[in-house]
Amino acid sequence: MAATLGPLGSWQQWRRCLLARDGSRMLLLLLLLGSGQGPQQVGAGQTFEYLKREHSLSKPYQGVGTGSSSLWNLMGNAMVMTQYIRLTPDMQSKQGALWNRVPCFLRDWELQVHFKIHGQGKKNLHGDGLAIWYTKDRMQPGPVFGNMDKFVGLGVFVDTYPNEEKQQERVFPYISAMVNNGSLSYDHERDGRPTELGGCTAIVRNLHYDTFLVIRYVKRHLTIMMDIDGKHEWRDCIEVPGVRLPRGYYFGTSSITGDLSDNHDVISLKLFELTVERTPEEEKLHRDVFLPSVDNMKLPEVTAPLPPLSGLALFHIVFFSLVIFVFAIVIGIILYNKWQEQSRKRFY
């Protein structure tokens with residue numbers, strides 16, 4: 001069923017369609033002037049959106065992955081091209097990632113991902129897909145679509161190859177989501193089914209029009225929708241209430257190929273801050289959390305590692321330990337002398 005995402009409304013659809021057809025700077029300037037470069041109301045309930053450029057990426061990708069001033073880092077086989085950033089080429093055993101260097105402290109947000117997956121492989125002879133991340137750790141290569149296993153945060157997976165044999169319940173490519181507190185492993189053999197929050201079929205390979213994915217996190221409500229039919233309409237995919245994500249994590253995207261391969265391209269990542277009205281009761285309920293979790297879904301507990309001691313703290317510990325040690329020796333000597341003196345008196 002076609003739908004408009006939450007309070008996105010017609011403004012974002014109109015703007016995105018124009019940007020997709022013409023990526024020129026002049027058009028972007030006209031759009032900004034037309035909107036007054038200010039916040040846009042995107043629906044009822046006094047919800048406004050603000051584009052956060054420090055967490056966004058679009059053409060011409062100037063400075064991406066180069067120098068300490070870049071907001072985005074490349075990893076592995078990822079390459080900056082003129083029209084896209086290629087995470088992995090259509091070659092075997094490749095791995096690449098793109099990570100934002102700035103931690104995100106937004107309370108409510110929306111990430112729009114413009115991507116393309118294509119290659120020479122025929123049916124079920126391509127892989128493996130890509131992932132979009134909001135995690136505590138960044139730039140950590142691993143087996144989960146090019147990222148580390150047992151991650152802490154949110155992972156959204158566009159899985160293009162079914163690993164599980166006798167798979168009849170779902171059609172691939174398939175989008176799924178997972179929240180992890182660092183205790184869970186992604187089950188490749190079962191395509192992540194034991195730990196997924198939900199999912200949907202998404203036919204996204206070798207399409208001749210733009211494909212989009214949106215991840216929306218508002219009032220601890222996670223919504224994932226897609227625009228993959230060339231109709232500029234959002235379709236429901238995943239909706240999960242009670243998702244608790246800490247602030248200060250990093251956005252990124254990654255991909256991996258094995259014996260099978262595909263081109264995995266990212267055209268743009270656009271993060272919007274959403275300002276949402278909350279009642280006093282909601283303010284109390286929506287306090288910051290320190291580990292990701294999902295209501296009504298028990299995750300194995302993990303013991304948070306103790307933070308490393310600073311130099312000053314270590315000095316204080318050593319100093320006071322020495323003071324206590326010397327004090328104990330002095331007290332021991334005094335008690336020993338008194339004991340010897342009493343022993344001599346008894347002897348005489």
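Positions of Cβ are set from backbone N, Cα and C atoms, glycine also.
The Ca(2+) binding site annotation in Swiss-Prot covers Asp159, Tyr161, Asn163, Asp191. For Tyr161 (Ca(2+) binding site), other Cβ atoms within 10 Å of its Cβ number 20. Tyr161 (Ca(2+) binding site) carries neither a helix nor a strand DSSP state and counts as coil.
The disulfide bond annotation in Swiss-Prot covers Cys200-Cys237 and is backed by sequence analysis. Counting only same-chain residues at least 6 apart in sequence, those with a Cβ under 8 Å from the Cβ of Cys237 (disulfide bond) are Ile175, Gly198, Gly199, Cys200, Ala202, Ile224, Met225, Met226.
Per Swiss-Prot, N-linked glycosylation site is recorded for Asn181, and the stated evidence type is sequence analysis.
For 1-38, the entry in Swiss-Prot reads signal peptide.
Here Swiss-Prot flags 39-313 as topological domain 'Lumenal', drawing on sequence analysis.
Taken from Swiss-Prot, the feature topological domain 'Cytoplasmic' covers 335-348, and the record attributes it to sequence analysis. Taking the topological domain 'Cytoplasmic' (335-348) as a whole, pLDDT averages 69 in the prediction.
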Quick one: what's DSSP say for Asp191 (Ca(2+) binding site), helix, strand or coil?
coil
Round to a whole number and give the Cα-to-Cα distance in Å for the pair Asp191 (Ca(2+) binding site) and Asn181 (N-linked glycosylation site).
19
Can you tell me how many other Cβ atoms are located within 10 Å of the Cβ belonging to Cys200 (disulfide bond)?
16
Between the recorded positions Asn163, Asn181, whose Cβ has more other Cβ atoms within 10 Å than any of the rest?
Asn181
Of Asp159, Tyr161, Asn163, which is closest to Asn181 (N-linked glycosylation site) if I measure between C-alpha atoms? They're all binding-site residues.
Asp159
